[in-house]
Amino acid sequence: MAAVKNAPQWVRDLKPASPTGPELLEQERKSSNVNVDQLANFLFTKEAREKKRKILKLLQDDKVFDKSQNYFAGRIDRFETALARAKALQKLAVKHGLDDDEKKIAELLISEPGPYGLHEHMFLVTLRDQGSEEQREKFFKPAQAYKIIGCYAQTELGHGSNVRGLETTATWNSDDKTFTLHSPHLTASKWWIGSLGRTANHAVVMAQLVIDGKGYGPHPFVVQIRDLKTHQALEGVHVGDIGPKFGYNTMDNGYLLFNKVKIPHISMLARFSSVDAKTNKYVRPSSPSLVYGTLTWIRSTIVMQAGSVLARGVTIATRYCAVRRQFQDRDAPEWEKGENQVLNYTMVQIRLLPLLAATFALHFTGKGMQALYEANHKKMAQKTSDSNTTRGTGPEETQSSSDLLADLHATSCGLKSLASSVAAEGLEVCRRACGGHGYSSFGGIGAWYADYLPTATWEGDNYMLTQQVARYMLKSARSVLQGQEPSNDTTAVLSWYHKRQDQGAAFDILGKDEDIVSAFAWRSAYLTFEALKHREEQKRTWNSLLVDFYRLSKAHSQYMVVKNFHETIATNNNLDPETLSLLHKLFRLYALHTLETESAEFFTSAAATVRQIQLARSKAVMTLMEEIRPHAVRLVDSWDFPDWQLDSSLGRYDGKVYEDMFYRANDLNPLNRVDIDPYPDSATLFRKNESDGLKSKL
Amino acid sequence: MPDFTDRLKPAAPDGTTVLAQERGQSDVPVDELAKHLLSNDDFLGRQERMLRIVEKDPLFNKTKQFNLSRPDRFKLGLARGKKLRRYSDQYGWDAKDHEMAVYLCDDVTPYMVHYAMFITTVREQANDEQRAYWSPKIDAMEVIGCYAQTELGHGSNVRGLECQAFWDPKAKEFIIHSPTLTASKWWNGTMGRTANHAIVMAQLMLPKEGSPGEYTSRGPHTFVVQIRDMKTHKPLDGIAVGDIGPKYGYAPMDNGYMLFDRHRVPHSAMLSRYSRVDPNTSEYTKPANPAVVYGSLTYVRATIIMHARLIIARAVTIAVRYTCVRRQFQDRDSKDAKAPELCVLDYPTVQIRILPLLATAFALHYTGEAMQSLYWNTREEINQGNFGRLAVLHAQSSGLKSLCTELAANSIETCRRAMGGHGFGGPSGFIQLNNDYLSKPTVEGDNWMITQQTASFLIKRMQAAVDRKGKPQDEIEGHCRQYLDEKNGYKPSQLRVFDRDEDIVEAFRRRSRDQTYRAHVARNEQKQSWNSLLIQLRRVSHSESQSILVQNFYNALQQKDSAVSSTLHAHLRTLFRLFAFYTMDSEARDFSRAKAVSDDDLDKIPAKIQELMAQVRPHAVRLVDSWKIPDFLLDSALGRYDGKVYEDLFNRAHRLNPLNEITFNPYYKEEEIVKGSGENIDSILAKL
Ligand SMILES: Cc1cc2nc3c(=O)[nH]c(=O)nc-3n(C[C@H](O)[C@H](O)[C@H](O)COP(=O)(O)OP(=O)(O)OC[C@H]3O[C@@H](n4cnc5c(N)ncnc54)[C@H](O)[C@@H]3O)c2cc1C
Ligand SMILES: Cc1cc2nc3c(=O)[nH]c(=O)nc-3n(C[C@H](O)[C@H](O)[C@H](O)COP(=O)(O)OP(=O)(O)OC[C@H]3O[C@@H](n4cnc5c(N)ncnc54)[C@H](O)[C@@H]3O)c2cc1C
């Protein structure tokens, strides 16, 4: 923040009323002994944090990344700037040899989706993973060098979730060995495709493969869509940007239509399935399960990111609510004059502190998923290359790591759904907790929230995904009923419940951490067997059970989050005892607050008694909040967000909330540079700067 | 430019056919219902008249405004504000007409606070002489005003404002002063660029007799202050004023900041209907009964609720129409492989997000209406200083404001997400709606904070009931006494909520009284600190508000003399029950604890809700049609009356999107950004 310039001296002399933000935050940091550095290293590793500092420096030194006008510009200017930044970042990456990880860090610091986003994260990956050797040479290499810039075009105007219902066709022409891409209806138009609208010159297009009048389902094709010189759309291709959105306005999500466009045989990505050009026959996919692996990995990233996405809002709101003071405490003695920090009001705490706990919960869960995935993936890859024998006689272990992966795959759907919903909704809670100033763009939460929202929809709509979890849970429950041995955590939980069902639960949720985990497991298992009963005994239709499935998936995912959180801290020895005990409190706060919100299910399943739930609400949660409150600022500090990344007046590390609000309003705000004519009887609007007529822009 | 896309049609069945089918399968009497909901004050007639005028004026074309930068949005807002005002003059509109036009154009104008808070405050707080002076100037819009209460450091806590007004008995002037940066006025609409006058809230500082240089504060008072020159429109000397910058929404509004450097204003600046400083003796007269404002505040809150119902209706209109047109997947249990895909509104996970909200719009309607008619019916009494029922309603209205704006704000987002990817797009009609409406949970009393007022009132009534002195002072105390009398004899099985609607009402009331009683015990008997109870107090307030919503909905259905046909009545009753059970389910344990509903019954509610949703489902389109929200207001490709969802989405992307007029250079090795324009990285730097 620079000093205020654009104002008379008496304004520049003004200070905020005391105690000031910096004083308050200093006091906050003094009153807690959380070892911020240690906790931050535990969350991210020291190396990652150092990398972040290094890259931050690079970005801050380049003026194109300056954020000060971001909140003011219109869509077109924002997009142009985003393109300039994308180019500059790629140059930096080449110049300094940044690897993929480092580029991702840079993107997080810049914090706006850029027009190269889908090229980097979907196009390149798809070419690498689904292209044949020859195709990699032809497409992947030039794409890496940014000669080819691409996107991933699956979703259409009429279909998103139901990929099998896509309408774009790719018809095989046996005479000249080409495919014809065609959009038979308006609803076949590709839609929402990131980087497509204005940037890409190629696309991976998902289209229904048709050979000799017969459909083979959706397959990926690499298609050039724009001229490499003029950047104009090719003949028969119709492409553009879909217009402004809730967020993501620095990205050119696009539409795309084909009018009988011919593409060569090599266009169909052929690693897994292909059309034999000689025989004109379809060659079946080899192992489709590899693809599931990638999806599981992507979802685990979403879960882990959800933690830090949310942490950003929690950091801003917590710091601001520690600086913001409003009213005296109603019960305060007469002589205690000062106003109360709003973070002291339990009404504010109940919104922020459980979310603070959730940031850790999600982060640890994502980490846990990734560890499990990597371990078992390696094992499986090892085993399949070791023994080229057929399955069946294979060692027990092969079986179990694949079962574990299947488990992880199914449950990752539920966790993606839960985590991204918690993060999205949590951000809005944080914004509202900031009162009026939360509504200002300078608060820094609103735009961040708007950009995050699509995560609830893509990679599987959050409601839709829960059906996959339910399907898997029902299958697992059936196997337990058939007496099969448990082969992973889900079946273990289900069979444990099944055996204990008649003994009852009796968990000491207020006394023992392990028992909290058990109570969550119990409720999930209960809902699973209930759903199974509805489906199998009562023969209810699938559709009529969707709401039950949704609840089941949520319950099971919450169980996994609680379990991962618990395991992370139960086995930890990298943290000093005080910090660790604070994490235990956060664990309990997360778990008991969740339990209390979902109390009806805990009660109905008999995982907890009415009395326990009552005590959790009125005593345990309140006490935990009181214990965590003094450490709130240091806990958010350990998320280690540079101010440059937050770009928020309210969330500044130094607490200069009011100075920064004023500086941005007064000095950075272009509206204050125009003089207006306010009177309705005069047609003049801006007294200066009248030339750019408004009509032409409408 | 014509191209091959002009010939393309959406895949069958197209939206128009689908919606026609939906409308064909339902017997909801759309026009009757519309009249039932919207005939007060000739709402429908006015809507139609105003629509005809604004719809054909290109200045109010909404499709491209979302692309504009903040200064351009403001400029557009100002142009629209001026235009509407000129229409008012031209067609002789009254205030209601103008309001309707603004509502249809769906964009705040920079004049908003002038019309609302500024005019009202002068009317209510100026004495006769002041009124006579200001009113003609205000009406002619020579004086354009704003309302400057909130400061950078204080909003909710008005007593904590820092801006000061020192009385100078010699000069007979007030000196307005901002001692700190946090004393800067902040957030005040219309002030940033537009207003030339402001109502300024400042601590009235009177000289202490006998100790020169010392002052006593008399608390916040209102002053009318000229802030900009009437010719040049530049800020007056000693005043720094400007716009506070972009926000989550409200782009065309110039919310402002303002600081004073010992700025002098005449004695007449202080609005003196209720309190005044004698210019000769410097004597201070206290305000009379502050309860005078009850009436208008209650009215304002009723308006907020009536507005909230329209917000929900609008969100639900779009969501219902789109989820009928949208098809995705075949029915899993269907044997027919060729069957068309299901429309997504047939999935219960979609229904559960949208249909209870449809019922909520009705619930809010009846309560808003009840509050308004109570206000009109008791105006005479109010003028005579007799509050009675209105005092109760006033206390309850804080809680209602909190709950209803919360419901409306959340409904927007719930509906938007229920629509999948297209909900995120500009053409969904949800973006500006979300951005603008989300200020409501904070303004006019922060939603969390003000629940304390309702709870505090209720706890006092419960205490009075416990003390039991003489006759109950009001209805609430009466209910509290009844609760205390019956408390020990409750059996949850007493109430048969599935069979008798009046038992639903009773269950909600019992649960609310139970919440109040528990809070009373915690505060008054166990002496727990206020702060430790805040979360519980919010529940107390929400329980009461939910009880009021259910009660008023129920009452409306009982009205014997009403002209509602039996067909319509049956639909309304289904919606009533859906709203009540949905609300009950989300608060189930409260009802159990209050012994208002048995655990067995509570376990059955989810199935009941699903059954009720199945009953509403075939009528959903006609039910939303009945709210008569014009396409012009919806401004949504997804929610169009005619169902041409995909055609409109494509039209907006392809033909109405300025970004598509530009060809960019995508290669990172080249500095050029826009092809052939000379626009490159350096020229972008100049804008940063
Ligand atoms: C910002 C953004 C960027 C995107 N980028 C890309 C991209 O680069 N490439 C790309 O290919 N796509 C992209 N997408 C598209 C995205 O993947 C889809 O929007 C997403 O898959 C959801 O599909 P949909 O929009 O068709 O939702 P729909 O399926 O139409 O969902 C509508 C509603 O119906 C419900 N529903 C649907 N089916 C069922 C069912 N069987 N049972 C119960 N309920 C159901 C859903 O829960 C939802 O409430 C992007 C989307 C956004 C918003
Ligand atoms: C779009 C917009 C337009 C506005 N227009 C105007 C205008 O024209 N004129 C004008 O004067 N003002 C205006 N305002 C200001 C508005 O009235 C205030 O923002 C509002 O009153 C909330 O106050 P605050 O911002 O101080 O919130 P705060 O009180 O600072 O709230 C911060 C947090 O603390 C909590 N909190 C505060 N006190 C307590 C307590 N005692 N107990 C428990 N929790 C507490 C709140 O719940 C909230 O979560 C506008 C605001 C907005 C967003």
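Just so you know, glycine gets a Cβ as well, placed from its N, Cα and C.
Just so you know, TrEMBL annotations never went through curation; they're auto-generated.
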Given ranges A:1-29, A:59-87, A:146-174, the stretch to which TrEMBL attaches the annotation region 'Disordered': A:1-29
A:Glu459 (active site, proton acceptor) and A:Gly194 (FAD binding site), Cα-Cα, nearest whole angstrom: 14
Residues from A:Thr155, A:Gly194, A:Glu459 facing chain B - recorded positions, CB under 8 A: A:Thr155
Three-state secondary structure, A:Glu459 (active site, proton acceptor) (per DSSP): coil
Between A:Thr155 (FAD binding site) and A:Glu459 (active site, proton acceptor), the C-alpha gap once rounded to whole angstrom: 11
A:Thr155 (FAD binding site), number of other Cβ atoms within 10 Å: 20
Fewest Cβ neighbours within 10 Å, where candidates are the recorded positions A:Gly194, A:Glu459: A:Glu459
The domain 'Acyl-CoA oxidase/dehydrogenase middle' (A:151-261) - residue tally per DSSP class, helix then strand then coil: 6 helix, 52 strand, 53 coil
Residues of the domain 'Acyl-coenzyme A oxidase N-terminal' (A:35-149) by DSSP state, where helix covers H, G and I: 86 helix, 0 strand, 29 coil
Residue distribution over DSSP helix, strand and coil in the region 'Disordered' (A:1-29): 13 helix, 0 strand, 16 coil
For the domain 'Acyl-CoA oxidase C-alpha1' (A:292-474), mean pLDDT (0 to 100): 87
